[in-house]
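Participant: Let me give you the structure first, and then I'll get to my questions.
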Amino acid sequence: MHTLEFSLPLTNPVLVFAIALLLILVVPLIFQRLLRLPGLIGLIIAGVLIGPHGLNILARDASIELLGTVGLLYIMFISGLEIDLNEFKRQRHRSLLFGILTFVIPQGLGILVGTTVLHFSWPSAVLLGAVISSHTLLAYPLVSRLGLGRVESVTVAVGATILTDTAALLVLALVVQAANGQLTPLFWLQIGGALTLYVLGVLWAVPRLGQWFFQKIRSEGTYEFIFVLTILFVCAFFAAVAGVEPIVGAFLAGLTLNRLVPEPSPLMHQIRFVGESLFIPFFLLSVGMLVDVRVFFQGAQAWTVTLAMLGAVLVAKWSAAQLTRPLFGYSADHGWLVFGLTIPQAAATLATVLVGYQANLFDINVLNGTILMMLITCVLGPWVAGHYGRRIARAMEHAPPEASHAPQRIMVSLANPETAPLLMELALLIRQPTFKQPLYPITVVRNRGDVNRAVVEAEKLLGHATAHAVAANVPVTPLVRIGHNVVTALQQAIQEQRISTVVIGWNGKIGRRHIFESVLDQLLERSQELVLVSKIEQPLATINRVVLLIPPYAEAEPGFTEAIRTLKTLTYQESAQLVVFTPKERLPQIQTLLKTQKPTVPTTYHPLSSWSQVIVAYQAESQPHDLLCLISARSGTLSWHPSLERLPRLLARRFPQKSLLVVFPPLFTEEQKDLLLSTDSLSTLLTPQRIRLPLQGEQPAEALADLLQTGFSETDFRMETLIPSLLEKGVVALTEDVALYHAHVDTLTAPMLFLGIHAQGLQFSQHAHPVHLVMVLLSPNAEPSENHVHRIEQLVRLAYTPSTIAQLRKARTPEEAYAVLHTYLHTLRS
């Protein structure tokens, strides 16, 4: 039996760890809920109180230093991992400019204060400038939790941090070498060559190693997490070998793994969870333990140094932030957010001061003054960043939504345990983070055989899928349906849950008479939502490019923008590049539409001389880590062409190792569904009085006269000119069974729709089959032509709904036919 001895500082490792965890649990809650201050501040102050210069409860021993160092590296790693890589590349010039300003201004002011106020020698004054020019992204975890990790101003501040800290540490090396008389050409060659080799080596090796690992190890969360941590600390170690601080290596590791760890993935959630719950809090405690407040009661010199350094830091960092704000077009809140991110002084600052103290360039007053300055800036920085970050976050939440942004509800149809994780990963990547709707994984059990056993297997499959989403901190509503027909069960679930997007797998096999297979084809015929048919051959985290194949007139489909927005979200989450192949005559319209849809991603275009050359053109530009996305169309829509039915099979055979998404845009946007029940919808344009059942007449002219008399009297002068005008313009065959006449009429004040149902079928000279449904659409000549075109689109959708057309043909009275149409419109809206 061990005898426990209690003496301060505590040395029992179990008790030390327990006290630290208790502080990490309790202190942030007190500061956030009672004092309305960031929890980071509370942990720093707690470190001051329990540290060796406070109550001496815990010593800042090797274990605390180890965990604190890991926490600092973790902050830099997460900042590189979360940064919007495409935005970082676009804004690299801004990061460079702000980095120069936030280094040069503090460096110059530090030299001025050192020589004039503190009367330092020139080497000491230069080193003082390096001390106050560096900063630590102490407030980044707070900003990240507010959802601002990918905001441009934060991206610029993060990029500038690497420049300022690296420059400050290089100044430190130069000053120390100069003081020792060792600033030789060999020194420049060693540090320049080693640093160049290190950066190039990391940028070349880590992405390739990561892609190889993630392709070989699929859905193994533990191994993926250990791999990422290994890369982090190996890169940090070799950064020190190359002559720079390990934080530079940690940030580079995050940058190089950025594409392989998407924002909504379970792996990213694991990385954040471990860092925010353990490593980063230990770093904050270790920073607080450095502070010795007693020295400020022992003389005025420490106060003079502290106030001089603190004033220089605040003025210099504020000046840099405010100078760049109008240059970059940032609001005042963003300017203050950048200021809050760049004033905390911690790791690089402490390293510089300690080296300067050991080299006799600084005295004890500078060391103590630096520690108090660190405390004040580490408290002030998170408060400023938190205050203005919350204002920005609230403004983003209350910003008016973009057009066509209905709540996104994604249903994932699961049948194969092997592909279920990949389909769930795809659903997570296309999920727009602004919507808090859950994912809806669904499994359909056929009502035959041992149903109970099949339900148990289905629930097991859904359990794994649910765990995958929960690991990414995404809500899930699993669904099990039992039915004789899989498509009917899926369609019922779509209507019940008001699903907007369906993700369903495809094995690449194709039936003789179908685009895919019977279930998929029936689902496409009977649904109107956005459908992503997915053949995934590699982890989506390894994707570098999303290759988008857009056929002619696809941009004219009502749901095209929603499909594009979904694919751009996928590209954005992967930090990938969007590559578009489309006919050159449609390229201007495609470019305009893509530019108007968020999020913004780097996009290149490959115009095609002919759509038939799309496979050959892509094959010439193909790269190993491409995700192929074909914008297809349902039969009967404007952009549909028989070649679109063959293209998925051709792509799957020509590129069997590539992942393929066949995207079917929704038939209606939410705004169009709203319009269907508005005052301009079909249900109001068409009244029972204007439905002719049965339609009389054997010739088109006779049938038109019989139909139009339901809305015009026989003596109406308009009848004399209207019928000849309609006959001259000609009839439009929407389907084999539905025909449409349409025209603008000068004397109309409101649009009118007529429907005639011919029992035997009306024969038109240009049609091979008799037509049973004849529609006439008349619009006022004074109204915009877009309204008339939109009504025609509604009629086309109606004509391509076989079940509704069949019910209309069976109707026995105009009122019954009108009820069928009203039910059809209600189904669309729901």
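FYI, residue positions are counted from 1 along the chain as it appears here.
Here the Cβ of each residue, glycine as well, is placed from N, Cα and C on the backbone.
Predicted automatically and left uncurated, TrEMBL annotations should be read as such.
Grabbed the feature section from TrEMBL, which reads as follows:
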DOMAIN    675-824  domain 'PTS EIIA type-2'
TRANSMEM  12-31  transmembrane segment
TRANSMEM  38-58  transmembrane segment
TRANSMEM  64-83  transmembrane segment
TRANSMEM  95-114  transmembrane segment
TRANSMEM  120-142  transmembrane segment
TRANSMEM  154-175  transmembrane segment
TRANSMEM  187-206  transmembrane segment
TRANSMEM  226-253  transmembrane segment
TRANSMEM  273-291  transmembrane segment
TRANSMEM  303-324  transmembrane segment
TRANSMEM  336-357  transmembrane segment
TRANSMEM  364-385  transmembrane segment
Participant: How many helix, strand and coil residues does the domain 'PTS EIIA type-2' (675-824) contain under DSSP?
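Facilitator: Residue counts for the domain 'PTS EIIA type-2' (675-824) by secondary structure: 66 helix, 33 strand, 51 coil.
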Participant: Per the definition of 3+ C-beta pairs under 8 A with sequence separation of 6 or more, do the transmembrane segment (364-385) and the transmembrane segment (120-142) touch?
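Facilitator: In this chain the transmembrane segment (364-385) contacts the transmembrane segment (120-142) - 3 or more Cβ pairs sit under 8 Å.
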Participant: State the residues, same chain only, that lie 6 or more residues beyond the ends of the transmembrane segment (187-206) and have a CB under 8 A from a CB inside it; answer 'none' if no residue qualifies.
Facilitator: 170, 173, 177, 231, 235, 238-239, 241-244, 249, 252-253, 256-257
Participant: Looking only at residues six or more beyond either end of the transmembrane segment (226-253), which have a C-beta under 8 A from one in the stretch?
Facilitator: 69, 72-74, 76-77, 79-80, 161-162, 165-166, 169-170, 173, 190-191, 194-195, 197-199, 201-203, 206, 209-210, 213, 217, 261, 267, 271, 347-348, 351
Participant: At an 8 Å Cβ cut-off, counting only pairs 6 or more apart in sequence, do the transmembrane segment (154-175) and the transmembrane segment (12-31) clear the bar of 3 or more pairs?
Facilitator: no
Participant: So which of 64-83, 95-114, 273-291, 303-324 has the most C-beta pairs under 8 Å when paired with the transmembrane segment (120-142)?
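Facilitator: The stretch with the most contacts is 95-114.
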Participant: Check the transmembrane segment (64-83) against each of 95-114, 273-291, 303-324 and return whichever range has the most CB pairs under 8 Å.
Facilitator: 273-291
Participant: Please check if the transmembrane segment (12-31) comes into contact with the transmembrane segment (273-291), where contact means 3 or more CB pairs closer than 8 Å and the residues in each pair are separated by 6 or more positions.
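Facilitator: Judged by the Cβ rule, the two regions touch, with the required three close pairs present.
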